[in-house]
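Report on one structure; see the data block that follows.
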Amino acid sequence: MSTGREMLSGVTVPLVTPMDAPGRPSADAATALLAAVHSAGADALMLLGSNGEGPLLPTSVLRDFTAGAVATWRQLGGDRPVLVNITAAGTADVLARAETVLPARPEALVLSPPIYFHHRDDEIIAHYAACAGLGVPVVAYNAPKYSNPLTDAVFDALLDMEHVIGVKDSSGDLRVLRTMVDTARERRPGFGVGQGAEGALVAGLRAGADGIVPGIANIAPAPAVELYRAWCAERPPEPAAARPAGEDSAHHASRAEHWQAIVDQLCGVHRIRPGVPTVKEILSWQGLCPVHVAPPLLPCTDDERRELRAYLEPLAEHLLSATA
């Protein structure tokens, strides 16, 4: 089994979920998108996360989609892992979702703390502990925008759970990410940390993250891949913990920062219409994904479509296109 650091290294694309009707995932509708993302150099996939509308989809529609999408990804070649998010409001629902997607044989499951209700730390710890018997590694998902945050006490407890092998941090708080990195390196050197905050990809790598998980990579994986490659080529050889804070700044991150600036520009699409409907609208221009979304989400309006096309015209060279 890969370590968490190996599994979360590079660029993980938190894939949107193509649908053939509103709320109905379709592995067939995902074929072209998977091929294009694979060709662009993505190192891994995460299915059914926030970009994948996972919590909006009932458990009953997940089995065929995950099985088909994972099979297609593996047929494309390379040893590139697939992680599947099983986040839900309650532990019973999480376990039911896990049993539904496990036949696809993902390399890991992804789980945030419970959504909707506020919970005590001991309840969140029990939530993660309940997944120990699933036989598949779990990557914790810190997404305080959508769920209870991973507190220091919860994170400490996760490091004691052998089945939890890493964390994706989408808090956008570099202090949180750096604390996770430093604590994990001291206590579990193989525990992975992924940076999910798109506006701080380089900063997250500089803080010690093993890889990046940017939602914008759905429409533009190449800039994310180039950013990560530039970082790997330019970073100092010694570990981050051995460097004074801020030492690896302008010179070492120059190319990576160039790509970060492009990512930042691309993320401007969410000022026109935030979220998944915008991503699917843009992908539909290349025939890579239908515009269908899970209710109560709605597709972009005509005005939003016009604004998106105008905004992206100078950035068109960076957008994902279908493979031949």
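Backbone N, Cα and C atoms are what each Cβ position is placed from, and that goes for glycine too.
As recorded in TrEMBL:
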{"type": "ACT_SITE", "residues": "TYR141", "note": "active site, proton donor/acceptor"}
{"type": "ACT_SITE", "residues": "LYS168", "note": "active site, schiff-base intermediate with substrate"}
{"type": "BINDING", "residues": "VAL213", "note": "pyruvate binding site"}
### Message
Whole-number answer please: how many Å between the C-alpha atoms of VAL213 (pyruvate binding site) and LYS168 (active site, schiff-base intermediate with substrate)?
### Response
8
### Query
Does DSSP give VAL213 (pyruvate binding site) helix, strand or coil?
coil
### Query
Measuring Cα to Cα, how many angstrom lie between TYR141 (active site, proton donor/acceptor) and the residue listed as 'active site, schiff-base intermediate with substrate'?
5
### Task
Let me know how many other Cβ atoms fall within 10 Å of the Cβ of VAL213 (pyruvate binding site).
31
### Summary
Same chain, |i - j| six or more, Cβ under 8 Å of the residue listed as 'active site, schiff-base intermediate with substrate'; the result in sequence order is LEU8, THR12, MET46, VAL110, VAL139, ALA140, TYR141, ASN142, ALA143, GLY194, GLY196, VAL213
### Query
Any idea what DSSP makes of the residue listed as 'active site, schiff-base intermediate with substrate', helix, strand or coil?
strand
